[in-house]
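Visitor: Checked Swiss-Prot, it gives:
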{"type": "CROSSLNK", "residues": "LYS26", "note": "SUMO2 cross-link"}
{"type": "CROSSLNK", "residues": "LYS302", "note": "SUMO2 cross-link"}
{"type": "CROSSLNK", "residues": "LYS313", "note": "SUMO2 cross-link"}
{"type": "CROSSLNK", "residues": "LYS431", "note": "SUMO2 cross-link"}
{"type": "REGION", "residues": "1-74", "note": "region 'Disordered'"}
{"type": "REGION", "residues": "18-134", "note": "region '3 X 39 AA approximate tandem repeats'"}
{"type": "REGION", "residues": "102-133", "note": "region 'Disordered'"}
{"type": "REGION", "residues": "204-243", "note": "region 'Disordered'"}
{"type": "REGION", "residues": "263-354", "note": "region 'Disordered'"}
{"type": "REPEAT", "residues": "18-56", "note": "repeat '1-1'"}
{"type": "REPEAT", "residues": "57-95", "note": "repeat '1-2'"}
{"type": "REPEAT", "residues": "96-134", "note": "repeat '1-3'"}
{"type": "ZN_FING", "residues": "359-381", "note": "zinc finger"}
{"type": "ZN_FING", "residues": "387-409", "note": "zinc finger"}
{"type": "ZN_FING", "residues": "415-436", "note": "zinc finger"}
{"type": "ZN_FING", "residues": "442-464", "note": "zinc finger"}
{"type": "ZN_FING", "residues": "470-492", "note": "zinc finger"}
{"type": "ZN_FING", "residues": "498-520", "note": "zinc finger"}
{"type": "ZN_FING", "residues": "526-548", "note": "zinc finger"}
Amino acid sequence: MTKVVGMATVLGPRPPQESMGPSPIKVEEDEEKDKCCPTLELSHKHFRQSGNQDTLEPMGPSTIKAEEDESKDKCRPNLEISRKSFKQFGYQDTLEQLGPSTIKAEEDDEKDKGHPSPEISRQRFRQFGYHDTPGPREALSQLRVLCCEWLQPEIHTKEQILELLVLEQFLTILPRELQTWVQQHCPESAEEAVTLLEDLEQELDEPGLQVSSPPNEQKQSWEKMSTSGTAMESLSSTETQHVDASPKYEFWGPLYIQETGEEEVFTQDPRKRQGFKSNPQKEDSADEHRSSEEESHADGLKRTVIPMIPANKYGSRSERQWANNLERERGTKASLQDTGSRKGAEPASTRPAPGEKRYICAECGKAFSNSSNLTKHRRTHTGEKPYVCTKCGKAFSHSSNLTLHYRTHLVDRPYDCKCGKAFGQSSDLLKHQRMHTEEAPYQCKDCGKAFSGKGSLIRHYRIHTGEKPYQCNECGKSFSQHAGLSSHQRLHTGEKPYKCKECGKAFNHSSNFNKHHRIHTGEKPYWCSHCGKTFCSKSNLSKHQRVHTGEGEVQ
């Protein structure tokens with residue numbers, strides 16, 4: 001690069017300009033006396049005293065080269081001649097002689113100061129406001145400048161610019177917390193952003209994962225975020241010294257966040273966060289005063305990888321909110337990993353395919369696709385009815401049946417019978433009417449007896465087979481129906497859950513309670529199809545029907 005020491009030879013005699021006063025070269029030399037190195041000033045003084053300002057031969061090429069090399073790093077911003085200076089002082093014709101290196105000096109100096117990162121340039125372009133400019137034309141011009149600073153069309157190809165736009169749109173459609181997390185890693189392409197997200201999913205899905213990178217790498221990552229335009233600062237020296245004390249570190253559970261008004265602030269020392277495994281002798285005494293609520297929460301969480309986030313390192317509240325949501329989400333996944341570890345530990349090759357029935361009943365051999373259906377099916381063998389109606393005490397083996405039954409207590413009963421009884425469902429009315437008409441579509445093949453319901457036929461068929469699957473644990477007595485076992489067990493416990501609200505009388509079976517309750521209501525649901533007479537119990541109806549059949553007298 002050509003310096004001022006060689007300017008006299010290149011420029012030649014200055015054009016006559018009487019009004020300009022002192023020589024511009026002299027002015028520049030005087031201004032540079034205090035700024036530039038003393039070696040260069042001595043060389044200028046030597047030339048003026050010798051009177052040989054038109055030649056540089058007395059110094060020799062080696063001396064000139066030495067001065068140029070010596071002053072290259074010290075005086076470069078002050079000695080380079082700009083294009084504006086040549087035009088002002090009449091040396092425009094010598095620009096071609098100086099070459100492109102001197103002319104481009106100012107541009108090189110601007111580059112040395114450092115260009116903003118692509119993310120900062122993008123944010124400047126996107127966040128530029130109309131109120132920042134005096135008018136629309138200035139706003140448009142400024143937008144063009146900011147767009148060029150971001151996309152850099154002078155160095156990027158069309159494909160690279162397209163990739164930048166695709167990357168920006170891809171980050172826009174991501175959830176807020178994932179968007180901020182990916183931006184912190186400064187991906188250069190959409191493919192790199194996808195790779196980062198896939199790696200994050202694997203980390204969250206792998207139980208018991210440990211951090212293997214040393215703390216100094218963590219520090220470098222934070223410093224990289226700071227220089228790349230994120231609103232974060234590098235780790236403080238105090239935090240770095242604490243972290244560097246141990247070669248490896250682990251994290252248990254999520255980061256705990258302290259709420260201060262509306263703002264959420266992370267605990268300042270990462271080693272003080274709940275569950276961080278460190279040397280007990282170096283723990284701060286404040287750790288002993290952690291609330292029992294935090295400790296109980298941390299004990300129930302599975303070990304997981306959580307990035308160390310310094311306190312107050314977020315530049316906006318939205319980023320702090322992102323951190324809160326991200327840690328909360330990770331903590332939720334970690335808490336579920338323990339319950340799902342049995343399934344998660346199972347190899348993918350042994351997992352059931354869709355529609356495959358791997359759950360088999362040990363009693364009858366029936367297969368099911370999931371364990372919940374098998375559990376429901378087993379209740380048909382055990383007779384278990386864990387779902388009890390709080391209104392009438394009726395028990396059911398499935399929650400769905402209880403839900404349907406409970407509606408009869410809450411909603412209207414639009415389906416009425418001639419006997420005055422009402423039902424919430426038409427199917428219940430049909431079953432009830434079979435009692436009046438004595439319709440019995442379900443017939444036993446062994447004895448020919450017919451029943452109005454399929455369940456009644458199944459219970460009756462056990463008389464022929466002698467099956468009594470329901471056994472009392474107290475006395476060992478067996479029953480063919482679960483209702484019989486339930487009634488029998490109340491003899492041991494003395495329980496009488498069915499109590500009449502009218503007179504206070506209690507019963508150990510719902511059928512006895514229903515018969516008694518009809519005394520107060522006057523309900524007579526059983527009526528004779530021959531004469532239309534009604535009765536409050538089925539036994540009374542049977543006795544009456546003997547008159548019509550000739551088997552007995554009317555009671």
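Quick reminder: no glycine exception, Cβ is built from N, Cα and C everywhere.
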Visitor: Between the stretches 387-409, 470-492, 498-520, 526-548, which one has more Cβ pairs under 8 Å with the zinc finger (359-381) than any other?
Guide: 387-409
Visitor: In the same chain, which residue numbers or ranges, 6 or more beyond the ends of the zinc finger (470-492), come under 8 angstroms Cβ to Cβ?
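Guide: Answer is 383, 385, 395, 459, 462-463, 508-509.
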Visitor: Quick one: give me the count of other CB atoms within 10 A of the CB of LYS431 (SUMO2 cross-link).
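Guide: Taking all protein chains shown, LYS431 (SUMO2 cross-link) has 14 Cβ neighbours within 10 Å.
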Visitor: Run the contact check on the zinc finger (415-436) against the zinc finger (526-548): 3 or more C-beta pairs under 8 Å, excluding pairs closer than 6 in sequence.
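Guide: With 3 or more qualifying Cβ pairs, these stretches touch.
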Visitor: Excluding the flanking five residues on each side, which residues at least 6 beyond the ends of the zinc finger (442-464) place their CB within less than 8 Å of a CB in that stretch?
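Guide: For the zinc finger (442-464), the list is 431, 434-435, 480-481.
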Visitor: Give me the mean pLDDT over the zinc finger (526-548), rounded to a whole number.
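Guide: In the predicted model, the zinc finger (526-548) has a mean pLDDT of 86.
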